[in-house]
Amino acid sequence: FQDVNHLVIFGFGFFLMVLRRYGFSSTGLNFLLVVLGVQCSVLVEDLLVLLRVQQSEGGMRSLAKAVVSTTAVAISTGAVLGKANPVQLIVMSLVELIIFYVSRCINRIFLQVPDNLTLMHVHLFGAYFGVAVTSRFPELPPGLDKNRSTPKSDLFSMLGTVFVWAFWPSFNSILADYKTEAVLNTYFALAVSAVAAFILSALTSKDGKFRMTHIHSAVLAGGVAVSYTAHSIQHPWIAMILGLLGSVITILGSHCLQRCFNPAFKLQDTSGVHFTFGLPAVLGAVATVVLCVVEKGISTQWNNLSSLGYLIFVDVGAFCQTISTALITGLITGLILNIKLLKGVHVSKYFDDQFYWEVSFKILSDSL
């Protein structure tokens with residue numbers, strides 16, 4: 001539990017420090033949203049128990065599930081980072097957590113997905129909910145470059161990435177039935193994705209140098225891609241392949257999305273959560289279906305195709321339900337956040353700490 005708590009608060013807090021003049025808000029508001037989200041999640045859990053939608057599981061397990069659920073908020077915050085004011089972020093967090101629990105209940109009750117696996121959709125839900133929300137915010141004019149980073153902000157962001165990387169095996173195994181397998185497979189996937197990130201970064205750069213943006217995102221791809229199947233993979237090489245594919249899809253996706261997809265749909269994904277968490281989560285969902293077909297097919301020797309088809313239907317249905325719910329409710333939430341009552345931030349005030357924090361002149365001048 002301590003590992004996961006460090007990951008969400010410290011790791012994601014510094015992971016989001018990618019903007020040169022938004023460091024206070026990145027770490028401070030992430031801390032606020034996480035502790036608020038944990039309380040909201042525990043209350044929702046108790047409400048579901050009172051409504052007899054699920055059974056009570058005890059204090060620590062309920063708290064662990066609440067902390068894992070708030071990861072969706074931390075991921076979505078990265079997409080709208082610098083554009084939403086604190087009130088908008090609080091509203092977004094509360095709405096997102098409630099909807100995420102509704103999505104989990106649908107997967108658990110109607111599709112019979114195990115409870116611990118419904119939580120592993122947190123990356124998929126958080127990434128696409130955040131992308132949908134940020135699409136409803138006005139774009140930054142081309143002349144302004146306040147959303148760029150500095151070597152100092154990149155260094156702090158990489159510090160957060162290292163913490164997330166180190167504690168990710170605990171995240172994937174905290175609620176797993178087979179914890180040892182989950183820890184080992186997650187570590188193997190993370191290790192391969194880290195090595196692949198450095199190799200691919202050097203190969204895709206014109207001068208052959210490493211790019212911090214590649215390392216910052218791709219080293220985590222393996223942990224996200226293996227999150228659905230970490231507890232059930234029997235051979236380490238399968239986890240390694242997932243880690244390699246996760247790193248590849250993240251780096252190639254960052255090129256394609258930033259050059260083609262984002263301009264076409266007028267998206268400003270500030271921290272790149274789409275290709276850091278969204279695309280590897282999609283890969284993990286596809287891998288779940290493939291491994292289900294291979295393992296179940298071999299064990300039954302393809303005799304019981306109806307049972308195999310049902311398992312595939314469950315996996316595909318859970319994925320489609322999660323991503324569609326995230327996109328639809330994210331678009332609606334983005335529209336709600338931009339009503340006059342919530343006093344949305346003017347475009348000229350994007351990506352700047354001084355509108356929410358007391359910032360000394362020296363710190364402000366150092367960040368320029």
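Cβ from N, Cα, C; glycine included.
TrEMBL annotations: computationally assigned, not manually curated.
Annotated features, as they stand in TrEMBL:
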type	residues	note
DOMAIN	2-340	domain 'Ammonium transporter AmtB-like'
TRANSMEM	7-23	transmembrane segment
TRANSMEM	29-51	transmembrane segment
TRANSMEM	63-81	transmembrane segment
TRANSMEM	87-103	transmembrane segment
TRANSMEM	155-176	transmembrane segment
TRANSMEM	182-203	transmembrane segment
TRANSMEM	237-257	transmembrane segment
TRANSMEM	277-298	transmembrane segment
TRANSMEM	310-339	transmembrane segment
Flag the pair the transmembrane segment (155-176) / the transmembrane segment (63-81) as in contact if three or more Cβ pairs fall under 8 Å (sequence separation 6 or more).
-> yes
Given the cut-off of 8 Å on Cβ pairs that are 6 or more apart in sequence, determine whether the transmembrane segment (310-339) and the transmembrane segment (29-51) share at least 3 such pairs.
-> no
Intrachain residues whose Cβ lies under 8 Å of the transmembrane segment (237-257), provided they are six or more past its termini = 184-186, 188-194, 196-197, 200-201, 204, 213-214, 217-219, 221-222, 224-226, 229-230, 269, 272, 274-276, 279-280, 283-284, 287, 291
